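Data first, discussion second: the structure below is written as structure tokens.
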């Protein structure tokens, strides 16, 4: 796993107490040039200390410190001398553990809030006396623990920040990791560099060196099979493994029949000719579609596709002779969204939740703890083509989760044509790299329309386009009206069985980016 070989390098650990955005904390720390990992809150103290972290951050979470079964830590951690920053629930836990008082508020404080800095403190050094921050909490600290000073407050939160510099213990009730706290990154940097004394020398280049060495240790003299999709994730994973083991890597590209228009041919050209890797093309489209016949539940679709993927790779491995490892381009958001002990499952990812328990190949997931923007930087550093590095994310289950309900050949053809128009027009408008994802969704219901002099009863197409940095939060893209008009007009006129186009203007949260 990434980071296991970084015992002698500086690392800041984020203890996960269950908030869905907790991985953003690790991302912001890495943006400051400090390597960070998120680990379970109940990781044994000896394991935490063995990592020799320069600092520890307690994340937010949905629990109340007084709830039965609320997440707890070994209180000896406070006496370890390691600097600790508690965020939201993390600060409340610190206050509760060390003798402060936490109470339930009559109402939640949620959203943008003005923070008044009330005392000198390393976290706020050089910042204005009043700054905007993002709050999301029900409980609040009414009295800090002995030895702590209150360093900030808001209109509804008397202890919005507190610190005990002598023990290097700090807490903030707001969320510095989100962009709605404009000075949040500066606050985190002050904790990292002023309090923890970090150097900030982690980089993409150092990651590549560490990961190549880790892959070589894991693989030894074994042979490796890569699950290649042509997307940036599997492409960068393949390039990393190829750098580590060379021609002992065979890339298998499976056409599951759920790809976009022209995608199978494009991937074969790009990787077989341009990158010089061993590519095996497998057309398993009929097999996948037969398995999906009659299946309407999105979770079942994902698990069926994940299961069949692994089975196909196992069959190819047997054809190739001895193969020991399987590469997947699993990313950090995949792991987080598939659920941890303290975070509810949003949806299972085919790279994570759908793997058969009797899988015969050992997994290599070199990108498992990277965010998408970090993966792109790794890809550029490895010299991958721009059209691969900057390709928009595409889900492993493909169009199966953009067709609501049962997947049929007819629906696939409808969606392929509509999706191709969306991509073509977004590119033509020069917005492709600015938008995180832009695609079409085919719902299962139909609506009434009029085309010519005839009444129609046909499918709508849902247009989805979002902006994001990491897929953990996303906002709907404010596409120009004339662009929306062109997309709608072309789809209705060029794609049969479609009589309506609607635009999804829901952010994440409360929605997810994909519809299934």
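Cβ from N, Cα, C; glycine included.
Per Swiss-Prot, active site, nucleophile is recorded for 88, and the stated evidence type is sequence analysis. For 175, 177, the entry in Swiss-Prot reads active site. What Swiss-Prot lists as ATP binding site is 229, 230, 231, 232, 233, 234, 235. What Swiss-Prot lists as domain 'Glutamine amidotransferase type-1' is 11-201. Feature annotation from Swiss-Prot assigns domain 'GMPS ATP-PPase' to 202-391.
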Provide the three-state secondary structure of residue 234 (ATP binding site) computed with DSSP.
helix
Nearest-integer angstrom distance between the alpha carbons (Cα) of residue 230 (ATP binding site) and residue 175 (active site):
36
Show which residues of the chain containing residue 231 (ATP binding site), separated from it by at least 6 in sequence, have their CB under 8 Å from its CB.
329, 391, 393, 394
Are there residues of the same chain, six or more positions away from residue 233 (ATP binding site), whose CB falls under 8 angstroms from its CB, and which are they?
329, 330, 331, 367, 372, 375, 393
Applying a 10 Å Cβ distance cut-off over all chains shown, what neighbour count does residue 229 (ATP binding site) have?
24
Overall pLDDT of the domain 'Glutamine amidotransferase type-1' (11-201), taken as the mean:
93
Other residues with Cβ within 8 Å of the Cβ centroid of 229, 230, 231, 232, 233, 234, 235 at the ATP site?
228, 236, 237, 329, 388, 391, 394
Pairwise Cα distance for residue 175 (active site)/residue 229 (ATP binding site) [Å, integer]:
36
Using a Cβ cut-off under 8 Å and a sequence separation of 6 or more, which residues in the same chain sit near residue 232 (ATP binding site)?
372, 375, 376, 379, 388, 389, 390, 391, 393
Once the chains shown are all counted, how many other Cβ atoms turn up within 10 Å of the Cβ of residue 177 (active site)?
28
Please list residues from the chain of the residue listed as 'active site, nucleophile' whose Cβ is under 8 angstroms from its Cβ, counting only those at least six apart in sequence.
19, 59, 60, 61, 136, 137, 172, 173, 174, 175
Counting other Cβ atoms within 10 Å of each Cβ, which of the recorded positions 175, 230, 234, 235 scores lowest?
230
Round to the nearest Å and give the CA-to-CA distance linking residue 235 (ATP binding site) with residue 177 (active site).
29
